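Feature annotation from Swiss-Prot assigns active site, proton donor/acceptor to 75, 186. Swiss-Prot lists 12, 13, 44, 45, 76, 77, 187, 188 with the feature substrate binding site.
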């Protein structure tokens, strides 16, 4: 089979990775994508590392069963827990992960604190703490674990009073006037960007890693000579692990902007 015409696999613990897929479609409009959301087991951020590894390997096997030419782990928690093991196990296929976009936040050189919102597991993992240590001397960073936020997005709640109350409560431990930027360290969180901006104001820059990951994916495809050069719009197939998944597929398409 012509590798250039093979699809690209995307995986997340639920609907969050669609925020990355949304960017990837813009960067790679000719490619076909297969998206697998493991909403049945969401959220990953409060599970053990071993549990997340097992679920991530199962998801990658599912995608490989669909003859994908590359896999994007569009989940910060799964990247933290499993990316090294995945790359060691699947050496013949590019596996791209995602990490909190600390570098762009630091390079803004804005006065004030950089707040990193993520799941408890992402913030506890060595991979993230090594990344924090790398930039610690250049900016003041505050880690903000957000258990429960993924669940809002999984239900399709991306704005409104209930979500606003949750965010206000989480951010109440930090003086908002001292925040220069917010790094969204979970792929579910870009969907609540609008609500977050309402609370923090327009001067606070909100950054996520979706574009960086999509550009990295394109680089890997070029390197592997597997970029689809056909002049046609690609397709997207969405799968989800929930038993009755009609509603979550509908939410997924809505978040992706295809309905």
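From the backbone N, Cα and C atoms, a Cβ is placed for every residue, glycine too.
Sequence-distant neighbours of residue 44 (substrate binding site) (same chain, 6+ residues apart, CB-CB distance under 8 A): 13, 38, 51, 52, 55, 75, 77, 78, 81, 119, 121. Residue 12 (substrate binding site) carries a strand DSSP state (E or B). Each residue contributes its Cα atom, and for residue 186 (active site, proton donor/acceptor) and residue 76 (substrate binding site) these two points are 5 Å apart. A C-beta separation below 8 Å, combined with a sequence spacing of at least six in one chain, links residue 188 (substrate binding site) to 12, 14, 15, 16, 19, 149, 150, 153, 154. Same-chain residues that are not part of 12, 13, 44, 45, 76, 77, 187, 188 yet have a Cβ within 8 Å of the Cβ center of the substrate site turn out to be 14, 16, 17, 42, 43, 75, 78, 119, 122, 150, 186.
Shown are the active-site residues 75, 186; of these, the residue with the fewest other Cβ atoms within 10 Å is 186.
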